[in-house]
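A.B. asks: Quick one: structure below, then a few questions.
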Amino acid sequence: MSNENSAVTKHAGVKKVVLAYSGGLDTSAIIPWLKETYDDCEIIAFCADVGQGDAELEGLYEKAIASGASECHIVDLKEELVADYIYPTIATGAIYEGTYLLGTSMARPIIAKAQVEVARKVGADAVCHGCTGKGNDQVRFEGCFAALAPDLKVIAPWREWEMVSREDLLDYLAERNIATSASATKIYSRDANAWHISHEGGELEDPWNEPSKGVWTMTVAPEDAPNQPEYVALELEQGKITKVNGEALSPYNALMLLNEVAGAHGVGRIDITENRLVGMKSRGCYETPGGTVMFAALRAIEELVLDKTSREWREQIGTKMAHLVYDGRWFTPLCESLLGASKPLADLINGEVVVKLYKGQASVVKKRSPNSLYSEAFATFGADDVYNQKDAEGFIRLYSLSSRIRALNNQK
C-alpha cells in the first residue's frame with residue numbers, strides 16, 4: 001500500500017484523543033493514522049496493565065512516543081481486574097457456550113473505565129480503540145463508553161480507514177519505519193491478561209487446521225507435560241481463593257501462581273468456534289490455566305453447599321451473566337442485579353479443595369466445607385440409624401401423583 005493510496009482527507013473537530021494502546025499491530029498503525037487523518041490532533045496513548053506480562057509492556061512508553069503520541073499513560077489494573085471483575089463473574093458460574101471462561105470479555109470493562117478516567121484527566125474530547133469492525137470488542141468498548149462518558153466522541157479506525165487486512169497494516173507500518181513484532185508468517189491476533197491469552201487469525205481461520213505448537217504460549221502441550229501428577233491445595237472464602245498450598249496470597253498473586261503451576265501440566269487449553277455478538281462465528285484458541293483450576297474449585301465447593309433449587313438458580317444466573325459479560329454490558333442495572341443475586345450463594349462457598357493436575361486435566365480429588373449439606377451418615381449405602389427408608393414411600397406417592405392421575409385417565 002503506497003502513501004498516496006492511503007492518503008485521507010483531514011478531519012477537524014477533535015483536538016485531543018486518548019487511544020487504547022497495546023503496541024501491537026493495530027494500535028501501532030493507529031497513532032500515525034490519527035495524526036494523518038485528524039487536523040492538529042494530540043494523541044495520548046493509554047495502556048492498561050492487566051497482567052499481560054512484562055514482555056508486552058517493555059519499551060511500550062518509548063514506542064508510543066516514537067510513533068507520534070505526546071504522552072503515554074500505563075495504568076496498573078491487575079489486582080482490580082482479578083478482585084473486582086474476574087472473581088465476581090466466575091462466582092456466578094458464568095461460562096460462555098459451555099466452554100469459554102470469558103478472559104477477553106471480563107477485561108474490557110475495566111480497560112474502558114480506566115481509558116475514560118485518563119480522558120477526563122487530560123481533557124480529551126475523544127477516545128479511540130483498535131477493535132476490528134467484525135468483532136465483539138468494538139461493541140464492548142463502545143458500550144462502556146456510552147455508559148460512562150456519552151459526551152466523548154468515539155473513533156474506530158477499522159470502520160474508517162481503507163486498510164482491510166493485517167497484511168495492509170504491515171505494509172503501512174513498513175512505509176513509515178514503525179517497528180512491529182508481527183509478520184506475514186506469524187500474524188495471529190493475540191490478547192493476553194492475567195486470566196488468559198487468546199489466539200485468533202492466520203491459519204486458525206480454517207477450522208480444519210490443527211493449531212500448531214507455535215500457537216500456544218501459556219501452557220505446555222499435554223503430551224509433553226510431566227508424567228507425574230501434581231496436587232494443589234486451595235482454600236476458599238466466600239467464593240475467593242485465599243490460600244494456595246497453605247500460602248496466603250492476594251487474588252492476583254494466587255492467579256499468577258496457579259497459571260504457572262497449571263500451565264506446566266498443560267491445563268486450560270480450548271479450541272472453540274463461538275458465536276460472536278455481531279452474528280458470525282469465529283474460531284479461537286484460548287489458554288486459561290489458573291482460571292480452569294479456580295473454576296473447578298468453585299464448582300466443587302458449590303456441589304457441597306448449594307441445595308438443588310439454589311444450584312438451579314445459580315445456573316440461570318451464570319448463563320445470563322456469561323452472555324451479559326460477553327456482550328459488553330457490564331455497566332448496566334442488569335449486571336448489578338445479577339451480581340447482587342449471586343452474592344448470597346457465593347458467600348456460602350467456603351472450604352478446601354485439592355486439585356490433581358495431570359496431562360491437561362484439572363481434577364478435583366478432595367473437597368470439604370463447613371457449609372456442606374452432604375452428610376455421610378445420611379448418604380451411606382451401609383447401615384445407618386438416621387434415615388428411615390420407609391419414609392420414601394409416601395414421598396414417592398406424592399411426587400408421582402400427577403403421573404398416576406394422568407395414567408388413570410388414559411385407562412378410562
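Yeah, the Cβs are placed from backbone N, Cα and C, and that goes for glycine too.
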A.B. asks: Per Swiss-Prot, which of A48, A147, A149 sits in the ATP site along with A20, Y21, S22, G23, G24, L25, D26, T27, S28, G130?
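C.D. replies: Answer, per Swiss-Prot (ATP site with A20, Y21, S22, G23, G24, L25, D26, T27, S28, G130), from A48, A147, A149: A48.
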A.B. asks: Between D26 (ATP binding site) and T132 (L-aspartate binding site), what C-alpha distance do you get in Å?
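C.D. replies: Distance (Cα to Cα, whole Å): 9 Å.
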A.B. asks: Restricting the comparison to the binding-site residues S22, G24, S28, T132, D137, which residue's C-alpha is spatially nearest the C-alpha of S105 (L-citrulline binding site)?
C.D. replies: D137
A.B. asks: Within 10 Å of D137 (L-aspartate binding site) by C-alpha distance: pick out those among the binding-site residues G130, S189, S198, and say none if nothing qualifies.
C.D. replies: G130
A.B. asks: Taking the mean position of the Cβ atoms of T132, N136, D137 as the L-aspartate site, which residues outside that list, in the same chain, have a Cβ no more than 8 Å away, listed in sequence order?
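C.D. replies: Not counting the recorded site residues, we get C131, K134, G135, Q138, V139, R140, R276, V278.
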